[in-house]
Structures are given as C-alpha cells and as structure tokens.
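Read through the structure below, which is laid out as structure tokens, and then see the notes.
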Amino acid sequence: MLGEPGHCAMRGSCGRASLFSPELPCPDNGPATDPEEELRQSLISVCGPSFSTGGACCSSSQLDTLAENLKTVSPIISSCPACYNNFRDFFCSFTCSPDQGTFVGVTSTQLTTSGDVAVKSVDFIVGEEFKQGFYDSCKYVQMGAANQFAMDFIGGGAKTADAFLKFMGDKKDFGPGSPFQIDFPRPWNDSMTPFERTPLNCASEDLGSRCACVDCPSVCPALPYVPPPSDSASCRVGLMSCLTFTLTLTYSLALSAFIAFLIFRAFYMRRRIQLEGEEGVALSTGDAASHQTLVGATSTHSAHHLTESTSSAGGLSLHRAHLGRGASLLDPLEASQPRQHKLNAWLRKFYFRLGYWCATKPWLTFAFAAAAIGILNIGWARFAFETDPVKLWVAPGSESAVQKEYFDEHFEPFYRTEQMFFTSTNRNEVGVLTLERLKYLEDILATIRGIRSESGIHLEEVCFAPAGQGTPCVVQSPLVWFAELDSEEDPAWRETLDDCAATPSNCLSEWGQPLLPKYALGGIPESEDGLLYSRASAAVMTLVVRDTLNATRKALVEEWERDLRSYIQDTVVPQAEQLHGMKVSFSTGVSLEEELNKSTNTDIPIVVMSYLVMFFYVSLTLGSGGRVSFLTPSYSDAEIPEGFFPKARYHLSRIRRPSLRLFVTSKVTLGLFGIILVIIAVLSSVGFFSLMGVRATLIIAEVIPFLVLAVGVDNVFILVHELDKQNSLHGPATATPSSNGADNGTAMSPSIRSPSLDDSVPTQLPAEDRVARALAKMGPSIFLSTVTEVVAFGLGALVPMPAVRNFALYAAGSVLLDGLLQMTVFVSAMTLDLRRVESNRLDCAPFIKLPQRIALVDSAPNPEGSAITRFVRKRYAPFLLKKEVKACVLAAFAGLTVLSIIGVQHVHMGLDQRLALPSDSYLIDWFNAIDTYYDVGPPIYFVSTSANVTVRRDQQHLCGRFTTCDEFSLASVLEAERQREASSFIAEPAASWIDDFFRWLNPQFTSCCRVRINDPSTFCTPRDAERRCKPCFEDHIPPWNITMGGLPQGDEFMRYVKQWLISPTNEDCPLGGQSAYGDALSFSADGKSITASSFRTSHTPLKSQQDFINAFAAAHRIADDIAQRTQTAVFPYSMFYVFFDQYAHLGSMTEETISLGLLAVLIITSLALGSIRTGVIVTCTVGLTVLNVGGIMGAWGIALNALSLVNLVIALGIAVEFNAHVARAFMGAVPGSQAEGQKERDERVWTALVDVGPSVLSGITFTKLIGISVLALTRSKLLEVYYFRMWLTLILSGALHGLILLPVILSFAGGEGYALEDVDEDWMRSAVRRRGDEYAPFLADDDSVMSD
C-alpha cells in the first residue's frame, strides 16, 4: 500500500526498454520479504550491517546491479567515508529498504521489449536534513587525478543539494545512472513519509565517517592569514592614497603661503614707496651717476674716464674694467686670477695635445683609427642573433630558470599546444555553433590528422596520448561530445551538446577522460535554467603535443608545427571567414618564437629615414653661423659702373644677388662624416661583443642605431660650435690690432666683442691651434657626459635578463667608441674641413676653388650669432634670472615633482607579450581571444626533490588522504590554499600521486591492483580474467588500512609503484597511474629510487600582468611554507614562471640600480666640476629628471620591467648630458665685474647660458628629438611604448631641468668658480676678452656700448 511501512513500491526485473538499455524494475506495492541467506549476506556485504535483519524490497539481480554501480563510484568517493556511506545508504534504501513504499511512489510505467510492465518514473521523497547533509559530505570530495571534484562526476557539478539529487535522478540510457526517471518532488503527497536518516558528517571524529582535509575543508588546519594582493594602496583618503593626499595638501599649503607672501611683499613695497614720496625721488635722481655704474656693468661715461696703467710684470696697457673680478691697478695680476682646478687643467692640456696631434696628422689619425676599427670588426665573423624567447628574456642563473631546467630534465618539458578559437564574424549572431560549422570543424580536424611534414611526421607521432603511443591523442574540442556527428540533426545536436557539457562524465573522450566545457567553449551565456552551452560565443580546438629535450626530435615536431601553421593561416583562416562566417584566432608551438623574430619588426626604412633626417638637420645647421644666407647683401660701389644717376646707384646697391660663399661654408660633408662615425661606432661595438660571444637581439638592431645617433651627434654640434667661436677670435678674418691699441677688429663670437688688444697678444692662430683649442675647451665636457653615459649603460648591464643586458653592453660600447672617434677622427676631419673653407673650396667638391673676390664677400663671421643665441642672450637668460621668475620656476618644478611622485605610485610591473609582437601579428588576436573566452588558468606543479618516498615519514610529509598524514603535509597545505584562491591563485584540487597510488592498492577495488592467484609475484594485465586474479593486498599482512600501517615501503614500494605507473586509467579503475601520473615521478638512473615527484594543480584564470606576477609570488610563498613545515625541498613550476621571475626582485633592483647610478653621477660630476656642491646640484637635477620620467610612466601606462629599468638607467646618463655642459660653463665663467654672492652667481649663470645654452638646445635637445621622433612611425608597439614614449619624455624632461631648473638652482647655491684656462697667459687673454661678456641684465643704460 502507498505510504504504508513494510511495503515496497517496486521490486525485481521486468526487462529492458530497448535492446541495449539496462534492466528496469517492476512496479510492486506488496509487502517486503525476508531474503534468503545468500541474498542476505550479499545485502550485508553491499549495503552494510543495517540490513542484517528485516525484510527487503530487492532481488538478487537488482542487488548485483547496485553493487556494480557502487563499485564504479567507489574509487571516486571512497576516500571520504562520510560521502561514500551516505551515497550507499541513499541508494540501498531506495532499492532494498523494507519501508520503500513510504518514501517511493511509482508515477508512470512502460512496456519492456518482453511485453512486461516496468517502471518509467518514480517519486522519491527525501527529507531536508539528509538531503543537505548528503550533499555537504560529497561536494568537496576530490578526484585528484583529473584535478576535479567528485561532484563533477556523480552530481554533474551541482552547486545545490536539489541539483545534486536531480542529476542522480535523471534517466540515463547508457553508462552509470538510473535507467528510469527519479523525481524528488517538493511538496510531496501527505500519505508519504520522507526518507530521513542522520547524515554522516565528514568532520566527525568517527573514523567510519571522518574525511581528510583534501575532501573536507572543515577539518583542514588553519593557515596564517594572507591578505589577497591589491593594486591600490592600503591607506587611502577618499579616492587618493595617503601619500598622494599628504603631498597634495603640503604643496597646496606651501604654494598658497608663497603666493600670499608675494602679495604681501608687493603691497608692502608699494606702501613703502608711497611713504618715502619725494624724498625717495630726490635720492634716486641725485645718485644717477652711480646707477650708471651698477655692479656688473661698465657705462660709456666710466669707460671713457678710466686711466691706463702700465703693469710692471708684463708691460700691458689695459683698461681696469677688462681685468674682471678682483683686478685693480694696484693688485698684482697673479692675485686677481681665479682659482685653478687641477683635474680640469690636466684635461685641458691632455685634450689640447690630443687635438693638436690629430689636427697636424689627420691622415695618420685616420690610418690608426681604420686599423683599430678593422680589428674590432673581426668579430662579425661570429655574429649571431638570439631568437629563443627563454634565452632572451630569462636570466640564465635565475631561480626559475634553474627550476625549469630541473623540471625538464627529470620530467618531460611541458606540452606544446596548437590552439584555434572560432568566433562569429556577425556580432549580432547568438552563439557561434551550428551543425554546419561543427561539421566544418570535423573536416579541419580530419585534415590536420592527415598533415604529413616533409620528414613524414604526422599528428599521431607527436601528440600527447595518455595511454601511450598509438592510442588516441588529446584533442580538446566540442567534437568530443558527439559519437557520430553525421547522425545528428538540427536542432537535436544542441541537446546532445548541452547534456554532455553539463555532465562531461557521461560523454567520455576518445582518450578516456571527461572534457570540461571550459576547455572547449568560451563566452557561455547563462539563463534562469542554467548555462546555455550550445550558444557559446567561441569554440576552442586544442591539440596537445609532446615536447622534448632531444634536439633532433624537437626539430621534427617544429617542422610539423610549421606545416600546421601554414595550413591554418593559408587555408582555414580565409575559408572559415568566407564560407562559414567565422573568425579564426590561432597559435602553434612555433608561433611565438617566429613572430617575436619576424623580419617586419626590424623597420629598416625607419632606421634609414632617421639617419637621413638627422643628416639634413646637421647639414643645414652646422657651420651656418646662425643664419643661412643664399644671397649677398648688395653690389659694392666699385662694382657699379660710373655714369649711373645717384638715385639709380642707390637702388642698385640695394639689390641682393646669389652667394656662392654658402657652398664653401656649409658643413654637408663634415656632418655626413659625423653620422658615418656613428654608424662605424655601432658596427665596431657589435663586432667586439660578437667576438666576446655576446649575442645580438632584434632590439639591439632596432634601437641602438637610434640611441647612438641621438647621443653621438650632440658632440659634433658642440665641437663645431666651439670651433666657430675660436675662428671668430683667432681666425683669418680677425683684424690685427694697431700699435696704439685702437680696436680695429670686426670678428666676433656670438657672445664676445673684440676688445682693444696689445700687439703682444696674438689674435690670429693657425687652423691646427684653433681646432686643438676647441677640443681643449669642450673636451672635458664631452668626457664628463660620455663617461657618465657609459657608466649608466654599464649599470644597465647589471640587469640579468640577456636581451636587456646585451642591449646595455652594445649601447655602452657604441657610445664609448663614438666618443673616442669624435675626439680623434672627427677632430682631424674638422681640421681638413677648416683648411678647405679657408682655402675657399666648395663643400661637396673640394677640388673646385672659388676666386678670391668671391671669398672676400661675406667672409666676416656673424657678430650677432644665431637666432637661438640672440634669443638666449637678449631674452631668455635675463628673463630667467629675475627674482620673480626664479621663484616661479622653483614653485612650478616643485609641483612637477609632486605630480611625478604621484604618477610613480601608478606604475605597475609587467610586460604584455602583445607589445613584443609586430602590430600585424596574428598572435595578437589569439592573445585577445585567450583573455576574452578562455577561462582556464595555467597548470602548476609543486615538485618535491628531497623526500625519500619509500620511507614512511616522508610519505606522511606528502600524503593527504590518510589518518596519519602530517597535519600540514604537502597535499593538505595545497588544499587549504585552494580554499583561499584570492590569495593563493590556486583553482583546482591538486593531483596527489601518492594518495591515489596507495588507494589503488586498496583490495576493495578489485579491478585495480591485481596479481595472479597461483603466482602472487606476477601482476595481472587488463586482459586477464577475473577468475585468475585477486587484489594485490587481499592477503597482505599487515592489511591495507587508512592508518598507513600496511602500506608498502622500501623495495616493495618500488615494485608496486612501477606497476601502478603502467596501469591504465579507465572506468574499471580510475585510480590507475598511466594517464594521470605517467610523468609525475622521476626515477634514478638505476631505477631503484625516486629522485623527484610532482603534484599537479592549476592557477585561477590569469588575465593581467599583475595577475601573473601575483600568482608567481603566491606559488613561491606556498612552496616555501611547505618546505619549512615538512623539512623537504619543494619548488613550484609553471610555464610562465621563467618570464616573471624578474619581478620578484625588480623593485629592489630598480632602487639599487638608480641609487648606484646617482652615486656614480655624484662622484663623476663632483670630480670633473671641481665642486661637491655643484655636483650635488647636478645629481639632484638628474634625479628629478628620472623621477619625472617615472611619473610619466604611471600617467602613460608604461609598465616597469627590465626594458623600462634600463631606460631609466639610460635616463641618468642622458640627463647628465643636458646638465653637464651648463654646469661646467657655470663653474668656469669668470664675471666681468667685482660682483659677489648672489650677483656673482647670476653673472656666471648668464655667461654659462649664453656660452653653451644654444648648443645644448640645438645640438643636444633638437638632435635627440629628431633622432627619436622617427620611432613614432614604428610598427612595433614595444619600440613605440618603451623607447619612443620613454625617450621622448626623457628628452623633454632633461631639457626642461637642464635649461630651466639647473640654472636657477645654480644661481642660488652653485659652487665657487674657477678658470677653464690652464695657464696665466690663457687666463689673461680670456680676462681681456670678457669685456663683451658682461651680464646684460645689470646694465643701467640700454644704450651703453655693451648693450645689444
């Protein structure tokens, strides 16, 4: 009767619904009967002692079927007794309980093939307590071999208790499961009583129900709290970090106070002037004469009234104003000379001698240089590019590189993947899959299977086959879920796909394992009823290929992969788009290396263009004297025929005519020679380091030419500009002074006016002397900048990443060689060019000599200088040195520093692989598809290297499913970490080989470990009949138990583990080790011990560079924790670790490298400039420049990595170049007045800006901008982001700090100056010449003789 205790609802077997379907029970509401003794014993054996008394509602055939089903599920869930016993109790009660009729009711019947009436559907009433307890006891049980949960197999991945029961109750026509429908209604019929039992709890102290940590999180030991990584600062005030808030508030308050002070001072001064009234005006008028002779100026009136005095030491008749600071008629000349800097004096002497030697022996210099260059370029015979990404981007001695090498040697290298993403080209289409497209995917796979390389290699020979060579390959795609796609119809295929994707265990793949939908589908939409797998936005096909360390074998694999890539690229991609409306994004095992080294990434036209642009710029600006004039001013009176009317003669004199002098004074050949020297320096550096075995990279080929061109041409400008000044002072056009001291000269440098000189002071010097003096003047500055740049590049070589280290070495060598060539070979070239100009020969055709008449026209140098020189002298320098302007500059740069510090906080680490690829690379689409559709994290292995797994103690350090395993064993800690994936980045249960191996020995699993009955020393094979075999540990003493007491050790352990590794993993025994653990153990050479073993799991899906960095750090933290707790050596390994190892130390490395760089700058500049105070100022300015670059990195989204670190170090060296020339000119500037303190420093700053400011602007800033700006056209995002953007920022920041901030700081705190000249005679000449260099802003009379 329905709902009556002691009665059944169904019993026995009434046949099959179809030929291949399982047996169906008969509806039977009769009373339960006492089973016979044999059935009773079977019932107790299968369902436990609770059925030792009382009746039963099942037959022996039903019990046999139940036993088979329990046998199938036992290896999956028996590791957790609570789950297994609840599962057994649930189905035993449903099938055999004597009170079956109280909670089971037949709702429909059907006819079997034999014509009998059988059950079609039933209602099973289950109480809430048992239902929830049953689900809770099983939901965390793991099936480690597959890195999945048992719930994925027995419950379809159910997330609730109701979904769990529904999955088990749904009808299954084939495989494990119910052959009829079981419903679990809510609410139920009042006449029925729900099935109620007290569910076993996995955390119970009873050994019959307690589960291990890996299957029951509630019994896991508590690990110390580890907060999840966060991109934002932990301390925040609103939307700002505490540091940003503090800096912003402090700067705002300081700026407000400064503005308030200026306003107060303005009102105060105005009030003071009003109070003084007429008294102040009278005083000002009465002292007008004194205003004409302000400190730093010499008025016309005072100049005319200076008396001459004859010096007893030299007999020179000089104006007192010409002697400079400290000179007087009574003071000895020696006492008025500035202090000398010994290093500067030595450098000047050295460079003068070097310059004079090169100038007097140019051809010998060329010969020596050619010989040295030839020797250096011998190394080109050993030139080679490094293309292996690992050898390029991984430091050879890094921890991850060593661990990767260990893993590859002891286990096989990780698999190579060939992967395709199929998405619809129609964005409005819902889902990519159709039956037609699935058949097209099947055709693609069939074609791939048929691809044979030139060496005859095909997929089956290279693929990963878990069951061994010749067995099915692992090919992950939606096709796995269809037994026969041709038999599918539309839309029935969608139901098949949805069912298989929802319950992968019911649709096993060819290689015997279920395929989870996340590996085959992407972008799966969700509805109220669940996930709509057949409407996924992307279909994924992945072929898994074995990798190898054997070079010959690997070459064959790569050959096949190249053929595969060609087929996909040339056939599948266009065909899928044109015929099927699908976009294909793909990658093969050889794709990354090929694309990273793709020839289109070299951008040769851009390199050529940059050199051409620089050539034209150099040609047009060198030696122009500040203005390029293609026309002579006029016809002279002598050239106008007599007889012209006065008015006609006047107009004719105003006509301008073409000038041939331009073709003499131009520097096209000299500029081209300077650029050729840059190319020679690069080639020689490559030759030298190739000889040393340092391999080149494509980054070197692409970037070094730009860098050295931008850096090297600067010195060309500086030397040529200084030679122009020497020509103005001592060239042929300089007039010889008369005996009475009258000033007849007309030749001027841009900042010097010719004074009245005594005949004993020579004004004209030979060309060789002028060239030597130019090098002596600028050589120390070039030395300072070159040494600093080479040191900075050398510090970049401290970065262990080969691609970056080699780049730094090649760059340092190129800059050093370029500097040496410019101070020797280019000096000789300048001499030859100067001789050519003075002999009136054409620039590009020196064999053509112009007539003397043409040579005389416009031969005098331009007295005003270039437009830039006039601007700096008359506008910029006076404006910058105003008190108000200097205050504003300091305030503005303080604000810029605050912004830079804020920006630095937003700089993240990483290097997106897409940036390293050509912009048109097909891999970019594949990386985008990975991010968008592939919700799978990289696999990770925890490798134990020192545990002796044949010894019980070390076994307990590793295992996790037995009662005597360590509380914090490797398996237990990995499970505990998995439960906090936000901190650990571990997503899946770990595959613990030692637990599954020991469970494989469990005699309850009669289909797993078997030996011959008549010969227990011989293992049974899968083909051996059951009657001939018995479980391995059936008669073992001590017996197998969960306390590990009877588990094997020593030689017995090795015997069984070797058999386990060749035992197939299949439905009969899912614990077999062949498929899941075939590569998990590494044996010693003699095979008598295990040297290493690995525990496999996977990371959470990692989408950003920060995710990868955090996952790397988390894995190493976990491994270190396990090693400390178990006292065994453990390390983590994943494919990407070798590339992200650098980020573990990059932060500290950046701080150390930049600190060392700044220390080097401080030492070098302090020594070279002869002033610690000025060296500190230059170092601080350089540091602020680098800080500014770091701030822009944060604002522009440029990540910190080895490339950007080297660029920051390079920034140190190049920033010194912007500052060194100004600082050295400041230190050597001797003011033309007796000013002291602030005014004296202002005069020296003005002199320095006028002297070298134009060269810094036109010869350093503009050349670097031109050299780098061409990189904006590159097709490589890597070059654009990490070279163009960073170097553009560096150049602009360096120019701003060097030409604005540095002069202002020097005017306040610059060190005491010294004479740049090294002998008294030179200083004397300089002191006399500086009459025209007096500081214009201090002049009281704009119309004085010294005013512009």
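Positions of Cβ are set from backbone N, Cα and C atoms, glycine also.
Please treat TrEMBL annotations as automatic predictions, because they have not gone through curation.
Noted in TrEMBL for the protein shown:
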- 735-754: compositional bias 'Polar residues' (COMPBIAS)
- 603-832: domain 'SSD' (DOMAIN)
- 729-762: region 'Disordered' (REGION)
- 237-264: transmembrane segment (TRANSMEM)
- 363-383: transmembrane segment (TRANSMEM)
- 604-623: transmembrane segment (TRANSMEM)
- 670-692: transmembrane segment (TRANSMEM)
- 698-720: transmembrane segment (TRANSMEM)
- 782-801: transmembrane segment (TRANSMEM)
- 807-832: transmembrane segment (TRANSMEM)
- 885-904: transmembrane segment (TRANSMEM)
- 1156-1187: transmembrane segment (TRANSMEM)
- 1194-1216: transmembrane segment (TRANSMEM)
- 1286-1309: transmembrane segment (TRANSMEM)
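Tertiary proximity for the transmembrane segment (1286-1309) is limited to same-chain residues at least six positions away from its ends with a CB under 8 Å from its CB atoms, namely 707, 710, 880-881, 886, 889-890, 893, 1173-1174, 1177-1178, 1180-1182, 1184-1185, 1188-1189, 1192-1193, 1196, 1198, 1204, 1207, 1210-1211, 1214-1215, 1217-1219, 1222-1223, 1226, 1238, 1241-1242, 1244-1245, 1248-1249, 1253, 1256-1257, 1260-1261, 1264-1265, 1268-1269, 1271. Contact between the transmembrane segment (237-264) and the transmembrane segment (1194-1216) is not supported, since fewer than 3 Cβ pairs fall under 8 Å when only residues 6 or more apart in sequence are counted. The list of residues near the transmembrane segment (1194-1216) in space but at least 6 beyond its ends in sequence, with Cβ under 8 angstroms from a Cβ of it, reads 393, 707, 711, 784-785, 788-793, 795-796, 799, 801, 803-804, 807-808, 811, 902-912, 1105, 1142-1143, 1146-1147, 1149-1150, 1153-1154, 1157-1158, 1161, 1165, 1178, 1181-1182, 1185-1186, 1264, 1278, 1281-1283, 1285-1287, 1289-1291, 1293-1294, 1297-1298. The highest tally of CB pairs under 8 A with the transmembrane segment (363-383), across 782-801, 807-832, 1156-1187, is held by 807-832. Tertiary proximity for the transmembrane segment (782-801) is limited to same-chain residues at least six positions away from its ends with a CB under 8 Å from its CB atoms, namely 347, 351, 392-398, 711, 714-715, 718-719, 807-809, 811-812, 815-816, 819, 822-823, 1142, 1149, 1153, 1156-1157, 1160-1161, 1164-1165, 1168-1169, 1202, 1205-1206, 1209-1210, 1212-1214, 1216-1217, 1220-1221, 1224.
Remote same-chain residues near the transmembrane segment (807-832) are listed as 351, 354-355, 358-363, 365-366, 369, 376, 670, 673-674, 677-678, 680-682, 684-686, 688-689, 694, 696-697, 699-700, 703-704, 707-708, 711-712, 715-716, 719-720, 723, 767-768, 771, 774-775, 779, 782-783, 786, 789-790, 793-797, 799, 1206, 1209-1210 (criterion: CB distance under 8 Å, separation of at least six residues from the stretch ends). On the 0 to 100 pLDDT scale, the model's mean across the domain 'SSD' (603-832) is 72. Outside the transmembrane segment (1156-1187) by six or more residues, the chain places 341, 343-344, 780, 783-784, 787-788, 791-792, 795, 893, 897, 900-901, 904, 1208-1209, 1211-1213, 1215-1216, 1218-1220, 1223-1224, 1226-1227, 1290, 1293-1294, 1297-1298, 1301-1302, 1305-1306, 1309-1312, 1314 with a CB less than 8 A from a CB of the stretch.
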